[in-house]
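Below is one structure, written out as structure tokens, with a few remarks after it.
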Amino acid sequence: MLNSTSKNIKTILARYHVSPKQSLGQHFLVNESVIKELVQTPNIQEEDLVLEIGTGFGAVTVPLAHQSKHVFTVEIEPHFLESFRREYPQFLDRVTLIPHNVLTLNIAEFFGKTSFDAVRYHVVGAVPYNITSPIIHKFLTDHPQPDTITLLIQKEVAEKVATHPPHGTYLSNFVSLMGTATIAKNNISPGAFFPTPRVQSAILTIDIHPKYPEIDPNVFSEYLHQGFKHPRKMLRQVLDESTLVGNDINPEARPQELSLSEWVKLFKHDVGIST
């Protein structure tokens with residue numbers, strides 16, 4: 001059986017004639033304690049479904065299959081899916097292999113074709129750092145929405161998502177609209193991966209519970225992007241000053257100083273949603 005957490009990861013890669021692709025930001029998670037924490041963080045129950053981002057050599061897929069009803073694992077590289085079929089045939093009744101780019105996967109269409117009636121569904125993955133923000137945005141706005149999103153990502157990005165005013169970011173406000181972000185484990189060493197990245201990592205989990213269901217998250221996202229386009233500028237240089245004053249917001253404040261409720265107040269005023 002393939003052991004992607006062993007020190008022989010180079011041998012495993014050679015066996016399947018695979019090299020990590022720098023263009024895809026591939027770093028294989030090989031630390032067993034980090035894998036365990038990634039799998040246990042979302043509190044997956046045996047009746048739950050899991051959508052895993054990136055199969056790799058199955059280091060996370062297999063423990064997810066042990067813990068859930070079924071795992072749908074999305075992988076853009078076909079040779080990883082083939083290695084899973086060869087090494088883990090006993091799990092193929094509980095793991096569905098999906099050869100697809102997760103960013104273009106139609107979640108509604110995909111789940112509409114399944115025969116599973118789960119109470120909850122979770123998104124889990126150790127994802128390439130360069131697509132973290134698009135992945136978070138996709139699963140916060142697609143339907144059906146997962147109950148949780150748990151990602152192993154770059155530490156700096158995780159901290160930007162979980163931060164609060166006066167250090168708010170576009171991501172922290174957008175995620176807060178849709179749920180609650182928590183850093184479950186921080187300062188994960190580059191040595192937890194092969195090849196080793198140049199940065200530390202963190203496990204970020206988002207419990208999804210939309211706070212303002214009347215707001216279209218995609219439209220709000222565009223509004224936030226505009227507001228944070230020039231984060232060092234005063235708000236009166238970005239937004240209409242009379243609107244700011246009329247909503248009791250200091251025109252000389254910076255975007256990162258506003259709370260989510262203040263951004264929502266401005267948004268509702270500008271798009272004509274009654275409060």
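Residue 1 is the first one shown; counting continues down the chain.
Using the three backbone atoms N, Cα and C, a Cβ is placed for every residue, glycine included.
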S-adenosyl-L-methionine site partner of HIS27, LEU29, GLY54, GLU75 (as recorded in TrEMBL), chosen from ALA108, ALA126, ALA158, ALA162: ALA126
Residues close to S-adenosyl-L-methionine site centre defined by HIS27, LEU29, GLY54, GLU75, ALA126, Cβ within 8 Å: GLN26, PHE28, ILE53, THR55, GLY56, ALA59, VAL60, GLY125, VAL127, PRO128, LEU152
Distant-in-sequence Cβ neighbours of GLU75 (S-adenosyl-L-methionine binding site), under 8 Å, six or more positions away: GLY54, THR55, GLY56, LEU81, LEU97, ILE98, PRO99, HIS100
Under 8 Å by Cβ from HIS27 (S-adenosyl-L-methionine binding site), counting only residues of that chain that are 6 or more apart: PRO20, ALA126, PRO128, PHE193, PHE194, PRO195, THR196, PRO197
Collapsed DSSP category at ALA126 (S-adenosyl-L-methionine binding site): strand
